[in-house]
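Summarising the annotation, Swiss-Prot assigns region 'Transmembrane domain (TMD)' to 1-214. As annotated by Swiss-Prot, transmembrane segment applies to 13-33, 79-99, 106-126, 159-179, with the evidence given as sequence analysis. Marked as topological domain 'Lumenal' by Swiss-Prot: 34-78, 127-158. Summarising the annotation, Swiss-Prot assigns Zn(2+) binding site to His245, Asp247, His283 and lists experimental evidence as the type of evidence.
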Amino acid sequence: MTTAACRKCRDEVIWWAFFINIGQTTYKGVLGVLSGSAALVADAMHSGADVVATLVTMFSVKVSDKKADEKYPFGYGNIQFIASSIVGLILFFGALYLMYESTMQIIAGNTSSPSPFAVLGAIVSIATNELMFRYQSCVGRQNNSPAIIANAWDNRSDALSSVAVLIGIVAAVVGFPIADRLAAIGVGILVAKIGIELNIDAINGLMDTSVENDVLVDAYNIAKDSQHVHGVHYIRGRNVGEDVHLDINIYVDADLKVFESDLVADAIRRKIEAEVDHVRDVHVGVTPVRIAA
């Protein structure tokens, strides 16, 4: 279950990501220029895009907290899927630019061996981004936040990029100068792939793809095992940002009075919302059936 501590982490993690990405953009950019590493400069540009992506995530999480109103009766949660898509697009088009620029430099013959100091920048970047990926992934999963999960994968892409950068820098230092530019292209391929995957996930969320099966099974079992219920006609759900909305129809004895059927449905709704993670809205419909004696 999502605890108060999880919600506190949710409010803090994006600020951590924001300031860390600013720091990484600065130190990798400066170190890349001073050491002559094109791959590290490219990695710094990637971190710069991460700053923008984190701002988008910050905005979307804030807006998604707004209560449902007349204009948006199901709430503002889906803005997190839009934010996830924007993060993915930033990564994808940034990756295309990196690959294009590095390819042009190779064609022009602009390859040189960077200073060994560039290795330090790549190592620090790998460690920092992997830690931020794990931190944000935990917070994103516990809060069921697609925007924070997307931002976590943004950091994982940066960590993978830095691995490619490290390999390229080391290879260039030991006598293969073109490896630095090739590493920058490798960074672009990895980042573009993650950008595409984030957009696919965001589109699935906006298209109301069914929620995880575990959520449906837990809710189904609660409804099925409730008093006066003679079966579950159907159950379906969708993600609305961090929240899960469920629609359930149950079979009850036709001899039950209307208010009694309503009490059964209300008890099921409250039990599901209390016991199933991330479920915030449950609609329980009732279908009367004649029970054979």
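The backbone N, Cα and C atoms fix where each Cβ goes, glycine too.
The structure displayed is predicted, hence computed values, not measured ones.
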Checklist outcome for this item: Residue counts for the topological domain 'Lumenal' (127-158) under DSSP, helix then strand then coil, are 30 helix, 0 strand, 2 coil
Checklist entry - Hey, of the binding-site residues listed (His245, His283), which one tops the CB count within 10 A? => result His245
Item to check | DSSP helix/strand/coil residue counts for the topological domain 'Lumenal' (34-78) | outcome: 29 helix, 0 strand, 16 coil
Item to check | Additional residues around Zn(2+), ordered along the sequence, whose Cβ is within 8 Å of the centroid of His245, Asp247, His283 | outcome: Arg236, Gly237, Arg238, Leu246, Ile248, Asp281, Val282
Checklist entry - For Asp247 (Zn(2+) binding site), what is the secondary structure state per DSSP, taken as helix, strand or coil? => result strand
Item to check | Segment-level pLDDT (mean, integer) for the topological domain 'Lumenal' (34-78) | outcome: 83
